[in-house]
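Reviewing the structure listed below.
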Amino acid sequence: MITKAILKTENLNIGYTSKKSKIDIASNINLELEAGKLITLIGGNGIGKSTLLKTITSIIPALSGEVYLSDNKIATYTPESLAQYLSIVTTEKLPASNLTVSELIALGRHPYTNWIGNLTENDLNHIQNAINITNINHLQFKKYSEISDGQLQKVMIARALAQDTPLIILDEPTTHLDLFHKVAVFKLLKKLANENNKCILFSTHDIDLAIQLSDEMIVMTEEFCIQDQPCNLIEKGVFDSLFKDENIVFDKQYGKFIVK
Amino acid sequence: MSTSDKNNKLYLTLFSVLVLAFICNLAFGNVMIPFSDVCKILATQSHEKSTWLYIVLDYRLPKALVAILTGVGLSISGLIMQTLFRNPLAGPYVLGLSSGASLGVAIVIMGSFLLPSFIADFLVNDYGILFGAFFGSLLVLILVFFVASKLKDTMSILIVGLMFSSLTSAIINVLTTFSSAEKLQKFTFWTLGSLGNLNKNQVALLTIVVLVGLLISFTIIKPLDGLLLGENYARSLGISIKKTRNISILATSILAGTITAFVGPIAFVGLAIPHMSKLIFQTSNHKILFMATLFLGAITMLVCDLISQMPGQSFTIPINAVTSILGAPVVIWLIIRKKGIR
């Protein structure tokens, strides 16, 4: 099975299992994530976006089906080797600490450093590179608790960059940001995908921006999960079925949702 | 870089303070011995005044060593627990180890009627308390390990530890109701802690155990740094949470369990010292914090021991009272000044 996809899912069923019951969230998901592409994941609240991201990042197990990372089953990777393929940016709040921005980014080098975590010249280069690309030079000596949400989001992206993985997965990186910072994060991720040849997947509720800037989109609804280029999705009328409310309609001409 | 220069200066300062505290600890007490004579005794192992020689080498030196080992061991366990549980108020005793030790000692001293007579006879010596404390904390450790293996959430272990504490102190309360005044007094003395009751073999054993515990702790410096980002990020960096958790519990148990067995439950040191390190060095980097905590732990216990000797007075006050009297205000101050709790 040879594809150029970095990550691929085959008939993936996702959900949670507990001792007594199995909760299905979404089924039959077939995705292919390729290098150099910015891919956004959209869908209503509670539809299972986070569950999907957690499943393909191996945080929770799949109910059935397979996730392939570089043509190998993701379960065959050790945590250490997985950390060199895949980095994440989550919505979870960081525990309070005295970490500075550059120390936080340096933690991204963990999978490569020795037992005590000493940074080599190469590690320092990667860290500086991540700081330069995300344009946060002015923040690096500040404590991360002292910077704004928008700045912190960039720092977390820089941390994932320092981890130097072909695939970066982000869970709602633009939530809580104003339009200016949303656009900045979108543009940054777009640049990383197109210029640095990363494969970037992230979930978002900013559908208008996603349509304008993503190379591909994954749309999740209760009935289906489809992956395609934004223009094709518009033509197929996929967005019309995104929200089950007659008052929200998708305007094909402007590529955005309108409230009647 | 300027930060590492600043840190080196701080290390140097702490080292000087440590040496000073060590010499003061040997010099002051019921009998005052001048610094120059202390240094002479340490260097040459001889002195014209044989009483001074005896006091320094046979009494104060082992006691100072025990103070250093206690301070270092408890503080490092506290540092590990605070990062592991992401809780600034965690200390070496959150796992219920000291309560386990107390229960063991309480059973040996006050509950010997519960034990078969051949065990009770065997335990009626100095080592009885040691055995009781050690097996008490070992029992709690095994229970905590068992519960931890069933739980995914690290936070719940904290609650389980607190439950064990409540349970054991309740059992101890029941035992005290049935015991004689003399036994009760003996138990109370143990809970007050004592650094000076150890013979040379015991000091050697404690030294080895603390060194082993510290070596184990050093191996988790890197994963602890990763845990500063929370468990999900740590996992995404290739860190095994379960392994880190188990090594942390093991190191803490070895350090805190053994220290409690030898010197009694010493309060607040494990909680307050890691915070002092974080405030002084303004960092969360565990490589730096480990060094800082080693120095500060040793200094603090030497100073507390110095105070408990009440220089110039003919009496001493219990070490556990000193650490609490000094420690409680520090902790309260830290909570009020919440910025410092990181």
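Including glycine, each Cβ sits where the backbone N, Cα and C put it.
Noted in TrEMBL for the protein shown:
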TRANSMEM  B:12-33  transmembrane segment
TRANSMEM  B:64-85  transmembrane segment
TRANSMEM  B:91-115  transmembrane segment
TRANSMEM  B:127-148  transmembrane segment
TRANSMEM  B:154-176  transmembrane segment
TRANSMEM  B:203-221  transmembrane segment
TRANSMEM  B:247-276  transmembrane segment
TRANSMEM  B:288-309  transmembrane segment
TRANSMEM  B:315-336  transmembrane segment
Residues of the parent chain within Cβ reach of the transmembrane segment (B:315-336), under 8 Å, 6 or more residues beyond its termini: 30, 88-89, 191-195, 263-269, 271-272, 275-276, 279, 301, 304-305, 307-309
Whether the transmembrane segment (B:91-115) meets the transmembrane segment (B:247-276): three or more C-beta pairs under 8 angstroms: yes
Segment-segment contact (the transmembrane segment (B:154-176); the transmembrane segment (B:288-309)) at 3 or more Cβ pairs under 8 Å: no
Beyond the flanks of the transmembrane segment (B:12-33) by at least 6 residues, Cβ under 8 Å: 39, 41-42, 51-52, 55-56, 60-61, 63-64, 67-68, 292, 295-296, 298-299, 302-303, 305-306, 309, 311-314, 316
